[in-house]
Structure formats: structure tokens, C-alpha cells
Ligand SMILES: Nc1ncnc2c1ncn2[C@@H]1O[C@H](COP(=O)(O)OP(=O)(O)O)[C@@H](O)[C@H]1O
Ligand SMILES: O=P(O)(O)OC[C@H](O)CO
């Protein structure tokens, strides 16, 4: 038997999934790691945790499946995007904790760049906006705030990477400093039209070019693992940011196809083909994948809080013990109440982009309790997705087939997916394999290894688990969505 190992390094946990050559999942290992919040709005990961959980789960899954590492033909890596690391090229030692995508510490820097009139330039070249979400201002922060870092960077002693790059460096024992086009596209430093690091943008952010990794296709050679790690060197042949890997795993290869992944946050990507479609409705333009030097673009809507709102019910309010308890609670909620929760815990992402605003709850009565709050939390995911899809429709026109493919931990919630379909007024398709992120990474590696069919052949293997179709009348849908719009406007005015 031949296997492909997918490494999925996410925001709250690292996963390793072993697929067979037909891309059927064989075994999974998962390990959570601590989140660090050194100041309000700051989020960090210890690089040692990222590495130990990746190495541990990769070894663990091989052991669990009881296979010989020699039968693993290739490794695919997919990762939380934008999270920023800088390390010493000689020792491999990171100079600081990783600054996580959710971290808001560079909001002022973004504000200053915007005041200097630079947003249009950044958007035209990167497809992104000046928001602390992206890596560029995080790299600049590290160089300016870690003692001696800027001088070391100017001497060429330091390397920057998103999590994929850091893992490739660690897996190859420092032999390869590379990333793929999808991860590069999230840095604010990469020109997505020319597929090169942009010297003007690097200069505007004061990031020396010597820090940057080489940018490769998503299915390409990224070196081989250190022989001592798995008992033999294994080639790394696929790399993509997790949302792009999910787009591949969902086989959204045709322009107009769309997927939305519900993990900690929610990220909807619409394939726009080889057209780089600038957004005029505050979405991002990004690289969906790059294969054999050919770039396919996407419009992306990024929401920072989706499944995280359920974690808040569990860990913050302590009204549930497990995420799945939200479904019976939502079903039991009082139909006469209309509590609306705007979960802007870390600001609002697309299409509002308000890092400063914070969450709010509307419509509370003396009878409002855990059930009404749980229902409002699940409903907020539907409303936020509709915001994204409205913006996509406005940017892209009516070309999409109107079906949304969903995946991620929260897509297992039938109640949430039904409400999503109701509020979108469109079908929502959940595939049999919901680990689409890892599947996409495994496919990219398998493609390069010559084990997997071309995209059309892979798309034919996509299998439906369940289609959710709208069951809400349009007057109710419109009224609810309008109420959500008023709740967001009020939240932003606070
Ligand atoms: N049955 C469920 N109902 C509602 N939310 C759920 C359910 N199962 C998982 N979740 C949410 O999904 C998220 C986990 O999804 P996952 O794809 O593993 O996230 P990530 O990769 O961002 O860590 C958690 O935030 C959790 O609260
Ligand atoms: O780790 P996830 O699944 O929450 O994904 C994080 C995104 O890549 C951030 O852009």
C-alpha cells in the first residue's frame, strides 16, 4: 500500500491524517496546544508547540495506522494562514513567539499606512486590505520590537515565514526556506498579479527582501524530511494555506464554485478562474491555487468568529460542556424571542473590517437564557455568511451556481447548516469527507507524486453527505436579515 501524509497545522490544534492512494482517510491524530494572550487583542503561539504537535501527531498517526514510513510516498502541508514567525537562519531559533492571524497589535500601523494614502496601492497589488490580520505589519512589528532584530535582519541573519514555511524549515532540517503562492498571497508583501515579492510594498513596510522565502507552486518539490524524523526521508510535495487547501479538497475547480469552512472562524472562497477580480465590496482577492505556474484566483470573505462563538458559550459563559449541546438548546429556544448576537469579539472581518469594534447582544428579555443565547450564536454564523455572499454576488455577478459547499468542525451541526440554508435562500452541500483541508493538501502532494488524477478526475470523486435546502419563507428571511443588518450597524456605532 502507498500512503500520503497530510499535516494540518490549525489555530487551536495540529492534525495529521494518513490517506491511502485513493485519498480515503486511514488514520488521524490530533493535538491541541496553548493559546497565549499577553495583552488584550494580542494572540501568540509558542513555535515549539507548533513544531512538537506537528512532529508528534505525524509520528503518532504512522504508529496508529501500524504502517512503515517507507510506504508514505509524499507529505502535504496545510496551515493556519498569516500567522508570522521570524527565526535565526543559523540556529533555527525563533526570535519571538508566532504572532497569530487574530492578533490586533498592528492596528495603529495599519491606520497610519491608511492615513498615508497607501491602502489603494496595497489592495491593487496584493488583493488585501490594510488590516492587522495579514503578516506584513506583524513582521515589521517583530523587527521593530525584538531587541537587535532589525540589525540582524539587515545582516541577512533572519528568515521570515508563515507556518508552512516554518514547518518546511523544521522538517527539512533548515535545508529549504520556501512557501507556496497561496500562503505568500496573505502577507501584504506579494504581488498576486506578477507572482513576485513586491519591492515597493516591502519598502513601505520596511521589511528587507533577504528575510523572504522562495515562492513555489502548490504541488511542487519542497525538499525531503530529515531522515531521523520518520526513519527515512519523505518528500514534501504539496503546500497550501488551509482555506485554499479546503477549496481544493472541496473540488471547487470551476469558476463560480464556492466553499465555506466553519472552524474557529469562517472563510468563504469563490473560484474566479484565471481572472484576478478586484473586489469593490470589501472582500479579498486571493490566490486559490497555483499549479504548473498557472494561477487560479478567488474572492474571499473572512469572518473571525464562527465556531469560536460556540467555544465562548462553553468556556466563557459555561452554558454548555460540548459544542454539540448547542443543537438541542437552539431547538428548545423560545420562538417568540428574537435575540441577536453580533460576535465581534476580535473586531469584525469582511465586509466591515472594523478591528476596533466589539461584540453585542440585542433583544434580551427577562426570559432570555442559555437556549436563546445558543440559538443566537448559531444564527450569527448564518447571517455573517450571508453578508459575505451578498458581497460576492455584488462583485462577481450572478455566475455562481448558487450552491455553497461547507466543511469544518461546525459544519457537522445540522441545525446551523439548515439555518444557513434558510437565511441564504440557497442550497448548502456537506460532503462525506469534512476534513477537506487535509484532503486538499494530500491531493496536492499526491498530484505531484503522480498518484492522483488531474483536477477533473479528482472532482468526480467528491461525494455528497447531505444537501440542506431552504425551508424558510422569504418574508421571514428578509426580516431576519434586515434585523441582523441593524444589529451590526448599532454594534459598529458603539
Ligand atoms: N456540533 C457542533 N456544533 C457547533 N459547533 C461545533 C460543533 N462541532 C464543532 N464545532 C465548532 O467547530 C470548531 C472546530 O472546528 P475545526 O474545523 O476543528 O476548527 P479549527 O481548525 O479552526 O481549530 C470549534 O470552534 C467548535 O466550537
Ligand atoms: O486554523 P483555522 O482553521 O481557524 O484557519 C485560520 C485561517 O487560515 C486564518 O486565515
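The backbone N, Cα and C atoms fix where each Cβ goes, and this holds for glycine too.
According to TrEMBL, the ATP binding site annotation covers 11, 12, 13, 264, 307, 311, 409. Feature annotation from TrEMBL assigns sn-glycerol 3-phosphate binding site to 11, 81, 82, 133, 242. What TrEMBL records for 11, 15, 264, 307, 409 is ADP binding site. The glycerol binding site feature in TrEMBL is assigned to 81, 82, 133, 242, 243. Sequence annotations record features per position, and here TrEMBL assigns domain 'Carbohydrate kinase FGGY N-terminal' to 3-249. Per TrEMBL, the feature domain 'Carbohydrate kinase FGGY C-terminal' maps to 259-447.
The structure, with features from TrEMBL marked on it.
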| residue | record | Cβ within 10 Å |
| --- | --- | --- |
| 11 | ATP binding site | 21 |
| 12 | ATP binding site | 16 |
| 15 | ADP binding site | 22 |
| 81 | sn-glycerol 3-phosphate binding site | 27 |
| 82 | sn-glycerol 3-phosphate binding site | 26 |
| 133 | sn-glycerol 3-phosphate binding site | 28 |
| 242 | sn-glycerol 3-phosphate binding site | 30 |
| 243 | glycerol binding site | 29 |
| 264 | ATP binding site | 23 |
| 311 | ATP binding site | 14 |
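In this structure, the C-alpha atom of residue 12 (ATP binding site) lies 13 angstrom from that of residue 242 (sn-glycerol 3-phosphate binding site). Only 11, in sequence order, out of the binding-site residues 11, 13, 133, 311, 409 have a CB under 6 Å from ligand 2. Only 11, 12, 264, 409, of the binding-site residues 11, 12, 82, 264, 409, place a Cβ under 6 Å from an atom of ligand 1.
Mapped onto three states, the DSSP output places residue 307 (ATP binding site) in helix.
Of all residue pairs in 11, 12, 13, 264, 307, 311, 409, the annotated binders of ATP, the farthest apart have Cα atoms separated by 14 Å. Neighbour counts of Cβ atoms within 10 Å were compared for the binding-site residues 13, 307, 409, and the top value is held by 307.
Across the annotated binding residues for glycerol (81, 82, 133, 242, 243), the two most widely spaced Cα atoms sit 15 Å apart. For residue 13 (ATP binding site), the nearest neighbour among the binding-site residues 82, 133, 242, 243, judged by Cα separation, is 242. For the glycerol site, the Cβ centre of 81, 82, 133, 242, 243 serves as reference, and the other residues of the chain with Cβ at most 8 Å from it are 80, 83, 101, 186, 241, 267, 302. Considering only the binding-site residues 307, 311, 409, residue 242 (sn-glycerol 3-phosphate binding site) has 409 as its nearest partner by CA-CA distance.
If you take every residue in the domain 'Carbohydrate kinase FGGY N-terminal' (3-249) and average the pLDDT, you get 95. In this structure, the CA atom of residue 11 (ATP binding site) is 13 Å away from the CA atom of residue 133 (sn-glycerol 3-phosphate binding site). Taking residue 81 (sn-glycerol 3-phosphate binding site) as the reference point, none of the binding-site residues 15, 264, 307, 311, 409 has a C-alpha atom within 10 Å of its C-alpha.
Put simply, 243 is the one of the binding-site residues 15, 82, 133, 243 whose Cα lies nearest to the Cα of residue 264 (ATP binding site).
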